[in-house]
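Asks: Okay, handing you the structure first.
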Amino acid sequence: MAHLQLSAVAGGGRPAAAGGGGDEMEDVRLLDSYDEEMGGGAAAAAAGEEEEAHVRVTGMTCSACTSAVEGAVSARRGVRRVAVSLLQNRAHVVFDPALLKVEDIIEAIEDAGFDAEIIPDTAISQPKAQKTLSAQFRIGGMTCANCVNSVEGILKRLSGVKGAVVALATSLGEVEYDPSVINKDEIVEAIEDAGFEAAFLQSSEQDKILLGLTGLHTERDVNVLHDILKKMIGLRQFDVNATVSEVEIIFDPEAVGLRSIVDAIETGSNGRLKAHVQNPYARGASNDAHEAAKMLHLLRSSLFLSIPVFFIRMVCPHIPFIRSILMMHCGPFHMGDLLKWILVSIVQFVVGKRFYIAAYRALRHGSTNMDVLVVLGTTASYVYSVCALLYGAFTGFHPPIYFETSAMIITFVLFGKYLEVLAKGKTSDAIKKLVELVPATALLLLKDKEGKYTEEREIDALLVQPGDILKVLPGSKVPADGVVVWGTSHVNESMITGESAPIPKEVSSAVIGGTMNLHGVLHIQANKVGSETVLSQIISLVETAQMSKAPIQKFADYVASIFVPIVITLSMITFLVWFLCGWVGAYPNSWISGTSNCFVFSLMFAIAVVVIACPCALGLATPTAVMVATGVGANHGVLVKGGDALERAQNVNYVIFDKTGTLTQGKAVVTTAKVFSGMDLGDFLTLVASAEASSEHPLAKAIVEYAFHFHFFGKLPTSKDGIEQRKEDRLSQLLLQVEDFSALPGKGVQCLINGKRVLVGNRTLVTENGVNVPPEAENFLVDLELNAKTGILVSYDDDFVGLMGITDPLKREAAVVVEGLKKMGVHPVMLTGDNWRTAKAVAKEVGIEDVRAEVMPAGKADVVRSLQKDGSIVAMVGDGINDSPALAAADVGMAIGGGTDIAIEAADYVLVRNNLEDVITAIDLSRKTFSRIRWNYFFAMAYNVVAIPVAAGALFPFTRLQMPPWLAGACMAFSSVSVVCSSLLLRRYRKPRLTTVLQITVE
């Protein structure tokens, strides 16, 4: 069959049709007739992705034949439009590739009794606009900031790559790229060419999934899998990788579910193939374990070979019998020297091969790293020893040989790297603990033919789909975010929110995936699964934060870029100074009595300088601390979006609090309703509730709730036929018809009821619209405001009707948190759109002197900028949509976790628990973190500043002690481990409690 050519077409596009008349004219079935026949259904469906195919149809003799072809093709699911030309023997079909394949079109025509084949070179390709994708890769072999800079530089130079961020501590890289220019395999190849290991983890594509397979052993198994997937409707593309037993599938989630794909694979293969979703976080953990195991294997191999070398050099010469054996000749060489040469060669070029490969690739790309230093030091020692051995073999004069130096350096470096891998693994414990919260399985309830749930099926929790009804047993984890549809229980949400008290759950209660059901059986309907769950978003947020770079990291990046060249230069200077001084007799020969000459004496100093220098400690100082801190913050309900936010928060001078929902509980309650006209109170409440019912503001909800209870309190919730009514149904009976509703931010709402204008809002709203407020109402309003209550004024047909008093209780911890901030040297500010009297009354209760009232949402950002003018660092704490401009404008935005998605998106911190204590925790944690980072930098710098001169022999004239190169290598290995361990001390962080918060002082 000819090669298929497809093209994407716009939803409403139609191919041109020839027209004419008479028997000679072409009989064309226009697409319009198909649209009419389908009642517009195809047109509506055409909004999705479409492709078109041109098919040659033979055997048609009349218009009845064209109708038969049209009918056969149209009957197939996924066909959008079809036009058949009798004279041209051609059919033009527009279809959804997710629901239908070209082979199905051919089959439909042939089943109708005609021959069909695809016409090549007739379809004009119209490629889709490719979106930018974000992919995550695990990158192995990075040891310092220079490695990170090297990988980032290579990635950013790739054609099609829009941006790249690489994190040393997590060994992860995130790449934003254009899939039409470059694919993930090419990105992996580029990273590997640079001397690092790379593996793809996950992509931002929502309709792509990676399945792991068991039972995929032979080519027959692969063919079976291909046949199964080809027959599935809804699959756009798949790629089977038999080597690693994985299949990557791009599918239409509206046409087919993930569970259906897995079931089809297992059923179609008669159970020979088992499919499971590859969890990228679990793969990351397994990669960590694999890296540690690989490093341990290299270390064991190196120890197995190096220990005999050490004994031959240090111990055996003192045992006469063994010494006599080692001094025996094997050709021109002593047996001991030959054994050391063989053993060390294996260590140098087999065990140490990774250093050579990494160093070569780094140099090839114009960068330098720790591997370059290790290779230089060990190679210099090895080459000298080989030359000395050969020189002694052919001249009879045997200079000292230092084979053990290169072997011991490699061994100690591997030991240090192994400890570093283990320590770095500890820094990601927070992510691992969050991943462990994800349940492995879920109990899916299945319906019978009558629609009743009669059967249970245990499935992989990753296969849960939106709308599934799941059974949650006591003591088991909630498998996905959802809503309780049956049952009551208490759920422990402390692992997500930090709240220790169990939360009661009943019908309509929201539940969070990963939380623990304590007692009672629940049936829940899943509404968010996979990457959309709260737990997945927290994991993603923490992981993103750990990948981000704090601005202070730029210092380490700069030092790393020049570190290795400087060290090599210092090593050469060290060699030349000692060698030239020895050449001219500037120091006595007794200093080099243990060596053959000043050349070897100087070379040992130079090698020690090369291998003792450690760029890794500098590179790990910031990312490991940030990684631990973000994990610790997540454990305490404080989610940090990046190292830059951590760095800014340590220097916060002002914390601005939004009033409603931040300082207050956000649970407004109507305390007073007073009418100042002849209107009945019930009618007044109905009027106000009708106007506010369309608003999402907390005060509006309080007003509607108050009116509902006023009218229905004590009345049985039943209708005339005795059936219980829902609250929504009863409320709809109460409310009046509203027209032209509009919410006025910072003022209130206005609408038309019975054709007359209704205003519900603050004093500004009614006075701006020319409504006169009587003196008695004004006095009543002032009394409300002086008692920290918000007054809501109501007018109907431009006449003042009445007002309502609303209070929003303060959070219990608000006053103590404000006092604690003052003790920390932070100035609290309250910002609100409420009137001045109410604002000042609330501020007085919590102890805030700086109040900004009657501020519109847009003006909140202006207040932030005004405080920033003198260079102050400003933090903003809020929860609503109207806070998002101020959150974005602030140096540090903190969104209350119960707030809106927009506010959370604009913030730098998310306070999951909706508790103001966490504002103090966020600032205190950032201060502790950067105190630790500064200590890490001090240690890393001090180590190199002190160690390099000592290795260069600065103390030798006074102590007569020369640092052996292998000992220098050990020092280098342990320096980076010590920095990681220093960062791990942040795991001991304990957040300030309300009982001790007042003891906090400015650091």
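Our numbering is plain: 1 for the first residue shown, then up by one each step along the chain.
Backbone N, Cα and C define each Cβ position, glycine as well.
Keep in mind the model is a prediction, meaning the values are calculated, not measured.
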Asks: Between the candidate ranges 6-25, 126-145, 706-725, 726-745, where does Swiss-Prot place the region 'Disordered' annotation?
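Replies: Among 6-25, 126-145, 706-725, 726-745, the range Swiss-Prot annotates as region 'Disordered' is 6-25.
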Asks: Of the ranges 81-101, 249-269, 396-416, which one does Swiss-Prot list as transmembrane segment?
Replies: 396-416
Asks: Look over the recorded stretches 302-322, 562-582, 599-619, 938-958 and say which has the most C-beta pairs under 8 A to the transmembrane segment (966-986).
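Replies: It is 599-619 that shares the most Cβ pairs under 8 Å with the transmembrane segment (966-986).
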Asks: Against which stretches of its own chain does the transmembrane segment (938-958) lie, if we need a Cβ under 8 Å and a gap of at least six residues from its ends?
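Replies: Cβ under 8 Å, 6 or more out: 567, 570, 574, 578, 587, 591, 605, 608-609, 612-614, 617-618, 621, 968, 971-972, 975, 978-979, 982.
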Asks: Name the secondary structure element type, per DSSP in three states, that contains CYS65 (Cu cation 1 binding site).
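Replies: Once the DSSP labels are grouped into three classes, CYS65 (Cu cation 1 binding site) ends up as helix.
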Asks: Please compare the binding-site residues CYS65, CYS147 by how many other CB atoms fall within 10 Å of each one's CB, and tell me which has the fewest.
Replies: CYS65
Asks: Looking at the stretches 331-351, 372-392, 396-416, 599-619, which one shares the most CB pairs under 8 Å with the transmembrane segment (562-582)?
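Replies: The stretch I would name here is 599-619.
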Asks: Residue list, the transmembrane segment (396-416) vs rest of chain: Cβ under 8 Å, 6 or more residues beyond ends.
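Replies: Sequence-distant neighbours of the transmembrane segment (396-416): 295, 298-299, 302-303, 305-306, 309-310, 313-314, 337, 340-341, 343-344, 347-348, 351-352, 355, 374, 377-379, 381-382, 384-385, 388-389, 594-597, 600, 604, 607, 611, 964-966, 968-970, 972-974, 976-977.
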Asks: Neighbour count, 10 Å Cβ-Cβ cut-off, for CYS144 (Cu cation 2 binding site): what number do you get?
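Replies: That number is 28.
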Asks: Sorry to bug you, but what's the C-alpha spacing from CYS65 (Cu cation 1 binding site) to CYS144 (Cu cation 2 binding site), rounded to the closest Å?
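Replies: So the alpha carbons of CYS144 (Cu cation 2 binding site) and CYS65 (Cu cation 1 binding site) sit roughly 73 Å from each other.
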Asks: Taking helix as H, G and I and strand as E and B in DSSP, count the residues of the domain 'HMA 1' (51-117) in helix, strand and coil.
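Replies: Going by DSSP assignments, the domain 'HMA 1' (51-117) contains 22 helix, 24 strand, 21 coil.
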